Amino acid sequence: MTRLPTLEEIRRAPKVLLHDHLDGGLRPETIIDLARDCGHTLPTYDPGELAAWFRDAADSGSLERYLETFSHTVGVMQTREGLVRVAAECAEDLADDGVMYAEVRYAPEQHTSRGLSLDQVVEAVLEGFRLGSAGPDGKPRIRVGTLLTAMRHQARSMEIAELAVRYRDLGVVGFDIAGAEAGYPPTRHLDAFEYLQRENAHFTIHAGEGFGLPSIWQAIQWCGADRLGHGVRIIDDITVPENGEAKLGRLAAYVRDKRIPLEMCPTSNLQTGAAPSIAEHPIGLLRRLHFRVTVNTDNRLMSDTSLSQEFAKLVDAFGYDWDDLQWFTVNAMKSAFIPFDERLALINGVIKPGYAQMKWHA
Ligand SMILES: O=c1[nH]cnc2c1ncn2[C@H]1C[C@H](O)[C@@H](CO)O1
Ligand SMILES: [Zn+2]
């Protein structure tokens with residue numbers, strides 16, 4: 001039997017990350033530094049204890065309670081210097097984990113409480129990604145695209161959609177909505193999605209995480225989402241008889257037939273109660289049924305994780321080998337919001353040779 005990939009090996013393999021929140025991935029030391037600078041009060045000022053506090057507080061079984069922890073990260077991301085630093089460290093941390101392409105998202109409207117304009121927020125984050133992506137020789141170690149998120153309980157989605165279009169040639173590659181899902185259907189923001197479609201712009205929608213099929217259906221059939229953030233609850237439209245073939249309802253069949261990418265975030269789903277365990281996570285069935293599944297981190301700080309660790313947990317639970325990990329990675333690259341020729345060049349020039357090397361050494 002061939003040996004399964006180890007965490008160390010997975011770290012060295014080229015990876016693609018489509019769903020990672022900037023305000024969910026800060027280094028604990030940075031939160032403490034920035035909190036001291038701006039007078040924000042934290043639950044503790046010890047980096048180890050703070051890391052544990054985020055993990056435990058986010059481990060609540062409810063999306064709403066999970067989201068409360070962001071007050072401490074968003075709270076210290078209100079100045080240009082703070083945003084540049086957080087974005088630069090994010091790019092460094094992802095590159096250190098072997099991520100070669102990432103789309104990192106955040107909500108600009110949450111970073112204006114100390115007087116920054118939306119444009120200033122976007123420019124600071126772009127500058128941070130530029131600085132953090134460069135290796136010691138000045139050549140980029142990672143490519144980072146930005147997704148601008150609008151908060152679904154607020155009413156600023158049109159403004160944020162316009163901001164995404166304004167910065168589309170400067171590093172912003174798409175748009176998203178996030179926040180509590182129950183009670184805030186994506187159709188609340190239909191005007192923003194219709195505007196983005198008229199502008200030929202890309203967007204993903206958090207759907208099917210804290211709420212079920214109606215949210216996924218609206219995101220795709222009313223709003224025209226290119227991808228689904230999480231989408232785990234699509235499982236509610238699939239029945240698997242004891243000894244028979246899985247049967248897909250019309251929505252699940254549509255998602256699979258149209259190759260709609262699912263941005264799955266296993267550990268985050270355990271924390272918010274969207275899945276009971278990694279072994280029982282719908283990703284196992286969805287991968288078997290050839291949905292376009294991708295693997296993501298969501299919030300590295302709150303979930304105490306990295307993309308390599310998410311892969312390692314899946315290897316452990318489902319016995320995935322290098323072919324499976326390459327399949328997830330190619331799926332993610334195919335689903336990225338950058339131009340087709342650039343995606344293809346990365347698949348053929350980086351991902352396939354990278355995994356061939358990993359398999360050779362296995
Ligand atoms: O998994 C999530 N579901 C819904 N909203 C989320 C999730 N993770 C983070 N967010 C929210 C909290 C952040 O402040 C916001 C922008 O990144 O997005
Ligand atoms: Zn998310």
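Our numbering is plain: 1 for the first residue shown, then up by one each step along the chain.
Using N, Cα and C of the backbone, Cβ positions are placed for all residues, glycine too.
According to TrEMBL, the features are:
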type     : residues             : note
DOMAIN   : 14-352               : domain 'Adenosine deaminase'
BINDING  : His21, Asp23, Gly179 : substrate binding site
ACT_SITE : Glu209               : active site, proton donor
SITE     : His230               : site 'Important for catalytic activity'
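Sequence-distant contacts (6 or more apart, same chain, Cβ under 8 Å) of Asp23 (substrate binding site) comprise Phe70, Thr73, Val74, Met77, Val86, Tyr106, Ala107, Gln110.
For the recorded site, His230 (site 'Important for catalytic activity'), the DSSP three-state label reads strand.
Note: the CA-CA distance between Glu209 (active site, proton donor) and His230 (site 'Important for catalytic activity') rounds to 6 Å. Counting neighbouring Cβ atoms within 10 Å of each of the recorded positions (His21, His230), the lowest count belongs to His21. When averaged over the domain 'Adenosine deaminase' (14-352), pLDDT in the model lands at 97. Within 8 Å of the centroid of the Cβ atoms of His21, Asp23, Gly179, where the record puts substrate, the same chain has further Cβ atoms from Leu22, Gly24, Leu67, Phe70, Val74, Arg105, Tyr106, Ala107, Gln110, Thr149, Ala178, Asn299.
Here the binding residues for substrate are His21, Asp23, Gly179. Their largest Cα to Cα distance works out to 13 Å. For the residue listed as 'active site, proton donor', the Cβ neighbour count at a 10 Å cut-off comes to 26, with all displayed protein chains included.
Gly179 (substrate binding site) sits 13 Å from His230 (site 'Important for catalytic activity'), taking the Cα positions as reference.
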